[in-house]
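Engineer: To start, I am sharing the structure in question, which I have written as structure tokens.
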């Protein structure tokens with residue numbers, strides 16, 4: 001009869017599977033979510049400070065705030081009570097909640113990218129001029145009563161056509177990367193859940209077949 005491996009030897013492969021260069025891979029995703037969420041939030045408030053007439057959808061600090069909440073939950077779960085094979089209802093509930101919030105973060109980031117891309121496409125066509133303490137922009141049109149977009153409290157239109165346009169590009173890039181990180185977090189949570197399930201089924205069937213073998 002072969003010697004059974006010790007419980008410590010059985011735990012080593014499982015611990016190695018949870019780590020990546022000494023750090024748990026889901027933990028890296030949560031840290032990335034936190035860094036990107038803070039960057040998107042700060043940049044959103046900077047964009048809002050350019051003009052009070054900007055809509056909330058054009059300054060997506062709300063997207064960064066949601067991703068920060070997701071990251072805080074992920075850090076708490078991964079640093080305190082994370083187990084690949086959840087053993088309590090609390091661990092399972094936290095993993096499901098983190099999965100759902102990451103999916104929400106993905107949708108919100110993609111929505112922020114769409115809003116920023118739409119506003120950027122408008123700015124690329126605008127013809128702007130300074131009027132008193134505002135910047136008035138119009139789309140090129142042959143109609144004399146074409147719609148005008150007014151950015152209040154702007155003394156120089158270059159802050160709209162230059163600085164704000166650059167902020168929109170950065171927001172699109174940051175939110176796109178943030179959405180991809182949230183998607184990867186959803187995939188990791190799903191993979192851990194169902195990979196552990198099928199591995200557990202395989203181990204039980206293997207143990208059952210070993211138990212049916214005749215003893216030497």
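Along the chain as shown, residues are numbered 1 onward.
Every residue, even glycine, has its Cβ placed from backbone N, Cα and C.
Swiss-Prot lists 1-26, 81-95, 188-216 with the feature topological domain 'Cytoplasmic'. Taken from Swiss-Prot, the feature topological domain 'Extracellular' applies to 48-59, 117-166, supported by sequence analysis. Residues or ranges marked as transmembrane segment by Swiss-Prot on the basis of sequence analysis: 27-47, 60-80, 96-116, 167-187.
Walk me through the surroundings of each of these features.
Structural biologist: Over the topological domain 'Cytoplasmic' (1-26), the average per-residue pLDDT in this prediction is 49.
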Engineer: Between the stretches 60-80, 96-116, 167-187, which one has more Cβ pairs under 8 Å with the transmembrane segment (27-47) than any other?
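Structural biologist: The stretch I would name here is 60-80.
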Engineer: Against which stretches of its own chain does the transmembrane segment (60-80) lie, if we need a Cβ under 8 Å and a gap of at least six residues from its ends?
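Structural biologist: Long-range Cβ neighbours of the transmembrane segment (60-80): 24, 26-27, 29-31, 33-34, 36-45, 48, 91, 94-95, 97-98, 101-102, 104-105, 108-109, 111-112, 115-116, 171, 175, 178, 182, 185.
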